[in-house]
Amino acid sequence: MEGIRKEGMREEGIEEEAGTGGLKATAERRFPAGAAGGRGTDGPSLCPARREEPAEGTGQTCQRTCTQDRDCSGRRQCLCDGACGLSCVTPGRTCPWPVQIDNAETRLAQASRGFGALMEVTCQPGFRLSKGEGVALSRCQGDRKWSLTAPCERDLTPASFCSPPPETDNGFYSGASYRAGGEVRYKCKRGYRLEGPETIRCQENQEWSGPAPTCRPVFCPPPGDIAEGYLVAVEKPQYRAGELVYYLCKRSYLLDGTNRVTCRGNGTWSPRPFCRARCLVPAQRSRVLYQGHKLWIHEIPQGQVQHGEIVTFYCRSQNQTQTQTQSCSYQAPARCFDGLLPLPACYDEPTWLQYQFFPKRVVSEIRPC
């Protein structure tokens, strides 16, 4: 059973008909035998007469026969449907997609999969059509089925083949074609690096283009110490890919990042952590908001906070009225970063006299804005 050949219709006798997914013929344009999608007119047409047996032999179900659109009911139009000849076909009919065909790959020849659309059928490596071709065309028929093509059969043409490719320690290859022109690709196991060509090719002389590449183990140099911290690991001149080491910080320092560092497959270490210093709160005579509590500075242990923690200060805002000036406080947060806690620009440290004799007037104690 043959598929539709690419040379089966001449372009000068065919034009696209909008909205039908098929093709139409004018009185001046003719359809060669076997053309699909042509439309019946009062003029001469070369759409073949209906051949029931060939149509049934390919599994095609013929629609109602016609000579012109008025012979069809509803929205159907009189279009050329291959071996079925001029038939009443509903515009916009589509064929199923995607399509699975044994030992073959398929793709649409154009964006549409409607009536008259073409599908390319390409045999996989080692197979070919029974007629000796590598590619066939299948047409979307009026019965919403793709026309049958010749099956893809194993290609028994004498050809050059290579023996299985050479193995490599701690690696593997992929690619099933040992035929002349075929390639295999090598990869290494985790923790090993490929040295040599990644691919080798089977040549016409039935020899591979080269030996298998080598998989060498990957090593990392010693990771080294970090500032204000130390390494927890057995010290060695080199470490294998995948090995882990750990870091800890000195007392009063906080680890910023993961404490686990890995020797990677490219011979480098994953990012190391940092040891961040605590921050001294740069205020003495005011209360601050810390960990959800309003505290005097002396109530914070050692007057210090950890790296990354937030301390909220109080700033003064003055509102001028016609009779007096009124003060209120608002919050200004600051974050500790590696030993530095910046004071907000709006913060004004109370004097010793204000702190000792007028504590209720300290900015942190007045009414909020």
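All residue numbers here begin at 1 and follow the chain in the order shown.
Here the Cβ of each residue, glycine as well, is placed from N, Cα and C on the backbone.
Per TrEMBL, the disulphide partner of Cys263 among Cys215, Cys220, Cys279 is Cys220.
TrEMBL records a disulfide bond between Cys188 and Cys215, which is the match among Cys152, Cys162, Cys215.
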